[in-house]
Amino acid sequence: MNIFRFAGDMMHLTSILVLLLKIYATKSCSGISLKTQELYALVFLARYLDLFTDFISVYNTIMKLVFIVSSTAIVWCMKRDRVVRRSYDKQLDTFRHYFLLAASFALALLVNEKFTFQEIFWAFSIYLEAVAILPQLVLLQRSGNVDNLTGQYVFFLGAYRAFYILNWIYRYFTETHFSRWIACISGLVQTALYADFFYYYYISWKNNTKLKLPA
Amino acid sequence: EPEPKIHDEL
């Protein structure tokens, strides 16, 4: 464990807590893409298949459980909770995310660490996570002004993978036999997708104006 | 032969 990875995990956790706060405090999921939340739930379920077979540390196991439970709870809440689901922007959340699923799985069959069930699903989760934010970013562009909590949610979600890139650079220089090309390249793509969001987020923070993504 | 890599990251 290094400071970059720990900071990244804490930012990831923060993004989930901010999203939970938004949904439970405002009893609304307006501006949140259900499709992105479904993709994230799949990412965690596909990535943590080794939850009960490979014990790494208490921290690792607890965080995996937190990510799986929180992501499925958010999807459940946006679909089933009578009050919350009324505020879901169904007509705006129209990104065809099944293409992202199919493309990620196809790529995982071709490019993986080892052609085993667990490794294919691990690579699938890595590729899917890189593109999972797309429905959310498209929804933000369509829904015009973005409320603070939603903006903070996306910001922390983007920042966490940027810290993971620092973690991979650090591990590359400090550990022998360290190579995580699949995660690293995918992480670079993932962070790059947030580039324009980060730019408009910084502008809104600097000018102290409402965050607005150009359509 | 490097040891089989387990995914120790989240």
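Quick reminder: no glycine exception, Cβ is built from N, Cα and C everywhere.
The transmembrane segment annotation in TrEMBL covers A:55-77 (among others). Sequence-distant contacts of the transmembrane segment (A:55-77) (same chain, at least 6 residues past either end, Cβ-Cβ under 8 Å): 1, 9, 12-13, 16, 19-20, 23, 29, 34, 37-38, 40-41, 43-45, 48, 84-85.
Under 8 Å from some Cβ of the transmembrane segment (A:98-115) lie the Cβ atoms of residues 39, 42, 121-124, 127-128, 131-132, 134, 182, all in the same chain and six or more residues away from its ends. Here TrEMBL flags A:98-115 (among others) as transmembrane segment.
Taken from TrEMBL, the feature transmembrane segment covers A:121-141 (among others).
Sequence annotations record features per position, and here TrEMBL assigns transmembrane segment to A:153-173 (among others).
According to TrEMBL, the transmembrane segment annotation covers A:179-202 (among others).
Cβ atoms under 8 Å from those of the transmembrane segment (A:121-141) belong to residues 31-33, 35-36, 39-40, 42-44, 46-47, 49, 89, 92-93, 95, 97, 100-101, 103-105, 107-108, 111-113, 150, 154, 157-158, 182-183, 186-187, 189-190, 193-194, 197, 213-215 of the same chain, restricted to positions at least 6 beyond its ends.
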